[in-house]
Amino acid sequence: MATAGLSAQRTGGLGAAWRNPRVRGIIYQIVVVGLLAALIAFLVNNTITNLAIRQIRTGYDFLAQQAGFNIGEHVIPFAPSDSYGRAIVVGFLNTLKVSILGIIIASAIGVLMGIARLSSNWLLAKVAMVYIEIVRNIPLLLQLFFWYAIISQLLPNPRDALVPVPGFALSKMGLQMPALIYDPGQTPLVIIFLISMIAAYFYYRWARRRQAATGREPKLLLPIIGLIVLPTLVAYLVLGAPLHFDVPTFTRFNYQGGTSITPEFLALLVGLSIYTGSFIAENVRSGILGVPWGQSEASSALGLRRGQQMRLVVLPQALRIIVPPTTSQYLNLTKNSSLAVAIGYPDLLSVTNTTLNQTGQAIECISIMMGIYLVISLAISLFMNWYNKRVALVER
Amino acid sequence: MQQVDHLTTTPEAPPRGSSGAFVWVRKNLFGSIFSSILTLVICGLIIWFVPSLVEWALIKAVWPGAGADACRAASGEGACWAVIGDKWRLIIFGRYPFDEHWRPTLAMLVLMGTVLVSCDRRFWSARLIVVWILGMLVFLWLMGGGFGLTSVPTGLWGGLPLTMMLAFFGMVVAFPLAILLALGRRSSLPLIKVVSVVYIELIRGVPLISLLFMGSFLLPLFMPAGTTIDAVLRAQIAIILFQAAYLAETIRGGLQALPKGQSEAADALALGYWKTQLLIVLPQALKISIPPIVGSLISLFKDTSLVAIVSLSDLLLSMRQAMGDPVWRPFFVEAFLFIMLIYWAFCFSMSKYSQYLERTLETGHRRR
């Protein structure tokens, strides 16, 4: 045995090659890639056989066919006579709509609750803790079903809808809201409003530069409010008050006029925001705790009030701890919006699922759907990485 | 002795006005004007909300044993816990044959026992693998039958045992896969690294529900013609593939937190790659990543509820099926609260366990 081993070592040969890490690495890679290729070939081969047996024609030309089903909610016009391709785009836009709104609301909830969790007020901190610990530990799908059941079954009929603010009505049919009626005077009004916003922004930048140069703090709040409100108000009066709202009114059986938010969308938005908000709150909390206590002490030595300490000193530094985990929460929210399929909101997944059931093009539909989700995930990651770089530069 | 006596003499009382309930209240509830307003508002809300909640949930509630008529009479005033009394077995066990309910009960106990054993640090060793394999086999035997028990097809499995199986089996089977993927992602071999990265990022980029759809629509196409795969198995496979990608990232976090000196020292001792990983790197890296691994198990436990969308009667769907009964349908809120409590109890105790581990495991292995 020993002599055999020795001679193998001396003569080189296979044994020696195996002992060379580089050769071994190459062999490992060849084996892994070979196995993977064999697996893929096996699956593809099976798929081709199965498709032949079931006589399914592959290809993406079904996208141009007439869809034939209706989509209850659409950002762009859609009718059953439109194509499957357009239906999928409508679903994609619905996913984007609920994700973007959800991200905004969840961030607001998260920041408020995260700060509340660390409040010096014991009662507030406990309330925030109870919210976080309950919501985080119950499956999102269960919460969505719960909200949907509450909205669609326990809320009153449209006849005696809840009216929290005049013009808004909450009922089994969803939320009815006033809608803006088009008026030609609106365009100049909007333009003037935007211009005054830009002017206010430049005034803010000028004030900040002046404060940095002279150390004196120019008046901020009143001039900015004045800059925004006054020109818009004057324009509004001059243009003959061009803002009219179509307020929903209850007729015999249902609400007429205004716009409405469907119960499905409402349940999805509420569920996603509350659920993701609890995770973001934890991120915010650990971000704030990650900023050394000395920072708060130093800023209070400089005479900053608690609100100012939080806004000017602690939060900017906490952001670089908060941003990376919050990015993945945004990604989760977007992916979780696919649970819409369970409560009947026509998002990307639910529309693709309908398409799949009608056409039987499983491979095509699922690949389109997964491809789109991958692109969305990638886009959010890229944007948040860019933002992360920006906040990271703030520190030394 | 004397010194001790000296120390145990009564300490002086703290300065007046620095302790006591009144001071605590003033500091923590009325620290500033804003804080006082908040306290008053929250107290107002509690006074407005809690008594009516107590009245609904306890005082005017209809307790198990009463019929649906009693609930209907109390509708809107008191909770109908009678619905839980009537439906709990359907909710917990789904459509599993009624006379055989002792089997899923025992199976759940076996699985819980295995989980609890794994929670105790004294049992952390390679032997746990054997315990888990045995536990899983016993679970499957009790659920599925054979060897003296009547066989129950997986189509009838449901409720909490199914939820627990999907979560814990998914975790345990995904674990070795995840370790390989995490090592692969940090490997110096380019092809292996590419394969791992692509797999992890692909899976993490799409929703779990799309993987479950893929399992139910595409897996039958991928398999050799004529073979059929059980629906529960398809969902379990999708969950394993999904969990492996997420777990791999968690473990990679632990690998990255480990100082490079550890593997360099192993190199200096002339250990090969696998010996370095198995004896030096992984034991320390896994220890660092145990709290996030428990966190990942919590997510998985909640995510198993998505199988309800592909029509597997897990706890969520079996509750909805049980509430399909027109007699009890109006009292869905109570049924929802019941399974929310079950999910919550599992996830909350796991998160408390993870926090406990985080405190006790901190022994300074982390890179500073």
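Count begins at 1; order follows the chain as displayed.
Here the Cβ of each residue, glycine as well, is placed from N, Cα and C on the backbone.
Keep in mind that what you see is a predicted model, and the values were worked out from it rather than measured.
Pulled from TrEMBL:
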- A:26-44: transmembrane segment (TRANSMEM)
- A:92-384: domain 'ABC transmembrane type-1' (DOMAIN)
- A:98-116: transmembrane segment (TRANSMEM)
- A:128-150: transmembrane segment (TRANSMEM)
- A:185-204: transmembrane segment (TRANSMEM)
- A:220-245: transmembrane segment (TRANSMEM)
- A:265-281: transmembrane segment (TRANSMEM)
- A:366-387: transmembrane segment (TRANSMEM)
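Proximity of the transmembrane segment (A:128-150) to the transmembrane segment (A:265-281) is established through 3 or more Cβ-Cβ distances under 8 Å for residue pairs spaced 6 or more apart. Below 8 angstroms of C-beta separation, residues 124-125, 127-128, 131-132, 265, 268-269, 272-285, 287-288, 310, 326, 329-330, 333-334, 337, 340, 345, 347, 376 of the same chain, each at least six residues beyond the ends of the transmembrane segment (A:98-116), sit close to that stretch. Long-range Cβ contacts of the transmembrane segment (A:185-204) within its own chain (Cβ-Cβ under 8 Å, at least 6 residues beyond either end) map to 220, 223-224, 227-228, 230-232, 235-236, 239-240, 242-243.
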